[in-house]
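Among the features that TrEMBL reports, compositional bias 'Polar residues' is placed at 54-76. Residues annotated as compositional bias 'Acidic residues' in TrEMBL: 236-246. Feature annotation from TrEMBL assigns domain 'PROP1-like PPR' to 436-540. Positions annotated as region 'Disordered' by TrEMBL: 54-78, 231-253. Under the heading repeat 'PPR', TrEMBL lists 382-416, 417-451, 452-486, 522-556.
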């Protein structure tokens, strides 16, 4: 039933008022308001007359479709139903607010009288709406209007009615927008924008504010197109009415026709296809449709599809997979995965979602399932999946697993990408596998990848650990040619290796490169240069670098002094060594364990037993244990001197720490035992030397080949 029918049936209006139809209505209620009717000015009447609203405008302002007799008959019932709901809500709110106004004006009136007044007011409001009055209710709250000449209502009563009507319409509009806003807050486009904003780091109140802003913009856009659609339907309805009435057909005149002074004014209708041109591009061409398709496909790549919702039995199986334990066996895992695939029919997105959850909750199982997934057709495996798994294995130093994945990748005729090759290189460098590290390095170069400082550093350190500093120096020069600045640690690592090997020229080259790179010489670098020349047997060059260190302002320490003594020891320059020690002691230097250890070794080689033992006592006075090399020197000294008890005692200490002995140490001990007449002990140490993987030198073999001894079986 439409609200127009309610007007003809006044008794139905009582459903908005809780009083009886038989309640008395006093005629005095039309004028006894606090402000009695006065003679309204022409301006006041004209202003309030402009505040009347039509039924069509009321429906459009409140968000419902207007009731129009020109609309096609198939949509009249729906529109009238919407209009009825809007009118019912309007009248309910109007009566509720108007009751307060009436009670304020008539505080002494009883409830029946107030209800009777409201019934008359509502009846008049509905009649005015039916007649097409009340144009522009919103914004006319201060106007005054007296419709007709009946004079039933005072101007103050009319003003109050229009003010209440404006408040009601504004409140209904706010409620309507609030409900629409709730819907747009949950639309897919707003959710996508919020998800993207969350990914880039927007949180809290700012994200909430932006979400409301996007929803409001989406609602305004929707209302704009909704208004255009409503206008189109109205225009079609008018055209249909004109056709039915046999009116004039405007073939050459547009829909917006008006008459000015008897002259028809309008725009011609457009004929043919509409062409859209922007900056000279004809966007109506068919080729732009394919462009739009490609843009849509690119958008799917940028915004991948979400995983399927997991419910029912599939959810139970998923939980069983997540809680799977290795003790249950691989067959059970394969069965669960097969059932999961049958229930869900997963795509690549679903597999990745499962793997992400496994990675968070069950990391060991993640690797096992990830390898199984690589063989699934629905996963659409590519090279990046293999490389991602290789990368993960390499970072955790799981060498065998990484090697297995590389082998699988090679079986498919593919090579690891740059990221996986880099991680493999780091893994091989850590493991000391220089050959495999070189292979990974060549793979990187073959793929056109320019190695960065991390890759070069790993390769150089691999050569350093393999005791091959010359190859490391070559890579260092390659870095400088590519304008990649090496770190100071790389220079020092190479310098330390050259120094240990006694390669003075290589150490000097690294020292020069260190200076050109802008790094100043430190006590460490100067000490390494002294050690390099000392191990090379160049005491003069060692002394020159020692003096340079003093000139640079670095005070020689115990280690540097010991290196200088070693240089003199190699050439047996005892006088120069003593002179150096005297000069340093005059400058406040006190020898330490390192210097005393070198002197003990030197005294032992000269078989100066008493002097060596005095130096040992000084080491004991320092409160530190002598280095292991001192035990080797003592064993050599006592064996050559023929002091059997002390020689065997020192030999027992050395034999207990045989794993720390080097090839030169074995050679020295065996030679000294043979020289002192300890042949059986020499043979025993020779066997230990072979067991440790060292091969006796030719000179040692000749020393052992005496008529009184049999030739041992060498490896």
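Cβ coordinates come from backbone N, Cα and C, glycine included.
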Looking only at the repeat 'PPR' (417-451), what is the model's average confidence as pLDDT?
82
Are there residues at least six beyond either end of the repeat 'PPR' (452-486) with Cβ under 8 Å to its Cβ atoms? List them, or say none.
422, 425-426, 428-429, 432, 434, 437-438, 441, 444, 493-494, 496-498, 501, 503, 506, 509-510, 513, 517
Mind tallying the repeat 'PPR' (452-486) by DSSP state, helix then strand then coil?
26 helix, 0 strand, 9 coil
Same-chain residue ranges lying at least 6 outside the repeat 'PPR' (522-556) that approach it to Cβ under 8 Å:
492, 495-496, 498-504, 506-508, 511, 514, 563-564, 566-568, 570-571, 573, 576, 584, 589
Contact set, same chain, for the repeat 'PPR' (417-451): CB under 8 Å, 6 or more residues outside the stretch:
383-384, 386-388, 390-391, 394-395, 397, 399, 402, 406, 458-459, 461-463, 465-466, 468, 482
